[in-house]
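Q: This is the structure, below, for whatever I ask next.
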Amino acid sequence: MLITVSGPAGSGKSTLAKSLADALNYEHVSGGDIFRSLAEERGMTPLELNKAAEEDDQIDRDLDRKLRDIAAERDDLVLESRLAGWMAGEYADMKLWLTAPLDVRADRIATRENKPFEQAKTETRERGDSEAQRYSDYYDIDFDDLSIYDLSVNTARWDPQGVLSVTLHAVESYSPDGDEGKAPVENIRYEF
């Protein structure tokens, strides 16, 4: 089974994806880790690399191509990135969307990255706006369109174990025999 975990920065994607992969004994691949490594290799912060990606679309396209290739080639995998559900498309068996209010996400990022809350909030908002515009420009994706996801979870409502419990129940309850049709991922320009 290929499970995708998507959502905005600070929504808990990495926390859930790692826990879910461990619970299911699946492999875990993180687009965020790949992106942060790219930023570090270039001597940039993720926000700076996001800004550079506004001018150089190949940065996003290389990452997204890699995610789509991984989705096409692997099974028993939790694939995590902002666009994992979109990039995995028809290859995904279950697409999860995580979210939380901006202040909650900014607080998580401030704690994780040891920076002031207001700075984290501003950067998180700017990063989200930058990414949403690029996703629209490159692939005609509306990042706010959640219709492709099988389950959406507000991670501010539960602690990480609770989020895992909710999503693990959904995954373990899934049966291809009872599946009347997953939400299609249509009209995406997979032009890498």
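The backbone N, Cα and C atoms fix where each Cβ goes, and this holds for glycine too.
Quick paste of what Swiss-Prot says about this protein:
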type	residues	note
BINDING	Gly7, Pro8, Ala9, Gly10, Ser11, Gly12, Lys13, Ser14, Thr15	ATP binding site
Q: Is Thr15 (ATP binding site) helix, strand or coil when read with DSSP?
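A: SS state of Thr15 (ATP binding site) = helix.
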Q: Setting Gly7, Pro8, Ala9, Gly10, Ser11, Gly12, Lys13, Ser14, Thr15 aside, what same-chain residues sit with their Cβ within 8 Å of the center of the Cβ atoms that define the ATP site, listed in sequence order?
A: Leu16, Leu98, Ala100, Arg105, Arg108, Thr155
Q: Highest Cβ count within 10 Å among the binding-site residues Ser11, Thr15: which residue is it?
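A: By the 10 Å Cβ neighbour count, Ser11 comes out on top.
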Q: At 10 angstroms around each C-beta, which of the binding-site residues Gly7, Ala9, Lys13 has the fewest other C-beta atoms nearby?
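A: Ala9, out of the binding-site residues Gly7, Ala9, Lys13, has the fewest neighbouring Cβ atoms within 10 Å.
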